[in-house]
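First the structure, in the form of structure tokens, and then the observations on it.
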Amino acid sequence: MSQGGAAARIAAKPQDRGWAWMVLLAAVLLQGLTLGFPSCIGIFFTDLQREFQASNSETSWFPSIMVAVLYGGGPLCSILVKRFGCRFAVMLGGLLSGVGMVSSSFCKSISQLYLTAGLITGLGSCFSFQAGVTALGYYFVRWRTLANAMASTGVSLGFTLWPLLSQYLLDEMGWRNTFLIFGGILLNCCVSGAIMRPVQLASGSLLQSPKPGEGPERRAEEAQLSNGASSPHPELQQQTRRTACFQMLQKYLAFDIFCQNKGYQIYTIGVTWMMMGFALPHVYLVPYAIQNGVEERRAALLISVIGFINIFIRPLTGLLSGHRVFTGRRIYLFSLAVLLCGLSNLICVISAEFSVLIVYCIILSIAMSGIGALTFQVLMDVVEMDRFSSALGLFTILESITLLIGPPLTGLLVDITSDFHYVFYNSSFFLISAALFMGLSFCALEKKNKLKEASKVPLDNPSRYQYNEMPTEPQSESQSPPAVVYITSI
């Protein structure tokens, strides 16, 4: 067949309709399989401790590594998407996730779980989720905000269903066979990836499947390196390499924004500190309930309650925060949600009865919905959209560090004191202090900016120093979406 005939057969895939809705369905499944999966790990906590004779601190490293890699692998995923496309990244992630959990079922020590379920499954989940969100951005232009909101319901569905399925399988066939089945379930990420076929333009060029090594940025980097290699001076070669490395870091990790934008600086520090305590209830709530006499099935139900309420509250929170009343004030709404989340943990200290824990889960879920709906919206408010992708890279890496060390440090404290109450004391401390820091700091920054305006002191670039609303216009269909956008969800 002639080239012209082949080009004629390649029709432009319409965005916002047709196959785009199948891609949205695949994105819902992906988010349920990836972001929802860590919610069930606490159910296996006691069994893993018995099997490997491990302490609370040693056991908690396994979910901590998984979540940290899931959140912190964004820059690596973005490079993978840029070179090979979204479909490849999603399917590779599904394969890694499945292999990681299958391998975990044969582990002989807790340290082996760190590698298999922690690193391999966490990295696979990161690739599948973040590449899936990027693909969704290609298929939706006009309805992109709605599509992302609908896709995020997959997280809540995962939070609801994973714990129930985990407890049933654990009772019926033990944790090893359960992990083996989980490996098969996570391979469904590959099915979702297969649905996300590359978007094609009318000309027939693929929008999201660049060939390895192609692209103007890559060619520029190669040109720089080749020029440096051809130079007879080793110092010039080293300087060229340093320049290329710096440009790469500048592209994916926005250190310049962190140093210059006070709003981004405050927000990043506050969220990073918050993450030290945010994940603690998810890891230790089920073991805490079981230790205090709650039946295992009912203890697993607690996590499902959090996920079920999230299904309804998260979209409402998103709609509420989008109201013009909160324009320029979303950071204060976010701080309030973090504060409520921290205060709710004190309920567990009062009593460990099942009815009290249900009340705790309801309040915690409402607060979590606010945090999940606003985390990245506030980041968009404090950073210019043309640098959002870079700012998000540094943001997720820093929060992944505290997500990694928070649960093991708290587990060590529980091992020393033999008191699970310290889990909730710690969580409350980090969340409440982070909420007060962010709220008061942004309030002080706002007052400082008002004083500068009143005294008519000129600023070179006000948007770099103050928190303000950054309205964004939807992209037209003629404009291609950003090459890489990696977004995580809480």
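Note: Cβ is positioned from N, Cα and C throughout, glycine not excepted.
Pulled from TrEMBL, these are the features on record:
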type	residues	note
COMPBIAS	224-237	compositional bias 'Polar residues'
DOMAIN	20-451	domain 'Major facilitator superfamily (MFS) profile'
REGION	207-237	region 'Disordered'
TRANSMEM	21-45	transmembrane segment
TRANSMEM	61-81	transmembrane segment
TRANSMEM	88-106	transmembrane segment
TRANSMEM	112-139	transmembrane segment
TRANSMEM	146-165	transmembrane segment
TRANSMEM	177-196	transmembrane segment
TRANSMEM	266-287	transmembrane segment
TRANSMEM	299-319	transmembrane segment
TRANSMEM	331-351	transmembrane segment
TRANSMEM	357-379	transmembrane segment
TRANSMEM	391-410	transmembrane segment
TRANSMEM	422-445	transmembrane segment
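Note on the transmembrane segment (331-351): residues 267, 274, 277-278, 281, 285, 288, 321, 357, 359-360, 363-364, 366-371, 374-375, 378, 381-382, 421, 424-425, 427-432, 434-436, 438-439, 442-443, 467 of its chain, located 6 or more positions outside it, place their CB under 8 angstroms from a CB of the stretch. If you look at the transmembrane segment (112-139) against the transmembrane segment (266-287), you find fewer than three C-beta pairs under 8 angstroms, all six or more positions apart, and that falls short of contact. Averaged over the domain 'Major facilitator superfamily (MFS) profile' (20-451), the predicted model has a pLDDT of 83.
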